[in-house]
Amino acid sequence: MGNREPLAAAGQGTAYSGYRLRDLQNVAPTNLEILRTGPGTPMGEYMRRYWQPVCLSQELTDVPKAIRILHEDLVAFRDRRGNVGVLHRKCAHRGASLEFGIVQERGIRCCYHGWHFDVDGSLLEAPAEPPDTKLKETVCQGAYPAFERNGLVFAYMGPADRRPEFPVFDGYVLPKGTRLIPFSNVFDCNWLQVYENQIDHYHTALLHNNMTVAGVDAKLADGATLQGGFGEMPIIDWHPTDDNNGMIFTAGRRLSDDEVWIRISQMGLPNWMQNAAIVAAAPQRHSGPAMSRWQVPVDDEHSIAFGWRHFNDEVDPEHRGREEECGVDKIDFLIGQTRHRPYEETQRVPGDYEAIVSQGPIALHGLEHPGRSDVGVYMCRSLLRDAVAGKAPPDPVRVKAGSTDGQTLPRYASDSRLRIRRRPSREADSDVIRKAAHQVFAIMKECDELPVVQRRPHVLRRLDEIEASL
């Protein structure tokens, strides 16, 4: 049987309002100051003040790699000495692409007339020119400082006199034995709608929990589902951090009558994010990040998530993660993270990629109808707008990164399990879970002032105190 004919009154309120709402779909994009990232744009210049991943180390072979980052066409390569170069793609001589250049012992040589550039863009040789040519003193190839770390290639694309130190956080090296495995995921949409997805934690209890067509293959459905407590609707709060240069959310869930799980994920402006355990509610008393990533614009309608999966016995004691499945445009958790699935499968088992990219190349914020669950997304946009407008104080992470004396920097992304008995009413139980979450966040902030060797013992001791008080 088909649908009945609508009642005559339908469409006067909210039912069958397609015709009435049709023209409203043609709104212009808003928040352009944080969506556009080309040279000279507010967000583009802001992002250029930070080190950005541009490719994976495994992509640098014996030939150059053409890349596009922040609207700039570039070429990345590793010369035979092992030094990494990130140069403007068009040769300074006559514009031939250096993606066809020949990697040298030192630098790269253009295939057209043999101009030879070092990784810093210095012209080393122009073979067809007279020996006394002054070109080497007056011409250079556009180049950006670059380095490799744990399988990612980073470049700094901003003003030379404002280049910051690269911040090294606790989770990059701790606990002992941590392995950072690089990955990338390509998204055919603006960077911000992907970045916002990370702070929109409510979707983990919905999109990632049996949001599948009835009768779909059980193995496929399980692969798209977050296990171990993620299906419980979280009690969430969002808080600015780092003098409004970042934010976190706390998500509290009850796991049993006697146990509560507190999860914290953190964003660092402009485009860095760190998440705690991914495969399940971490069974440890306290564990750190399981993933760090940057959402890097290619242009305004394409972006790439570059990052590391953190592998260690603390965040993945059951060894469910699969290092071999991380790499170029692939990652080892949750079906639906990449663009490589058959269309019918994406309809039956939609994932992050489908939910994010289907918003359009640039999501139209003017069409949104936000609710209370969207507070974090709108806080993120507000912080970004203030940052590009110069309203935020200096980023303390940038300041501390240059004066750590070899100490890694603390961050807050973590999972903690607390023995807290269930309260008689749902409201009272929600209140105690929220209180515990706020106290866990306060504990993590206390570590800002502690040397690295004291941070974990301090957290564990203070978690005991929270349990005793609640």
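Cβ atoms here come from the backbone N, Cα and C positions, even for glycine.
Features of the protein shown, as given by Swiss-Prot:
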DOMAIN    51-155  domain 'Rieske'
BINDING   C91, H93, C110, H113  [2Fe-2S] cluster binding site
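Residues C91, H93, C110, H113 make up the record's [2Fe-2S] cluster site, and a Cβ search at 8 Å around their centroid adds A92, R94, A96, C111, Y112, G114, W115 from the same chain.
Mean pLDDT across the domain 'Rieske' (51-155) comes to 98 in this model. Neighbour counts were taken as the number of other C-beta atoms within 10 angstroms of each residue's C-beta; across the binding-site residues C110, H113, the minimum falls on H113.
Across the domain 'Rieske' (51-155), DSSP classifies residues as 10 helix, 46 strand, 49 coil.
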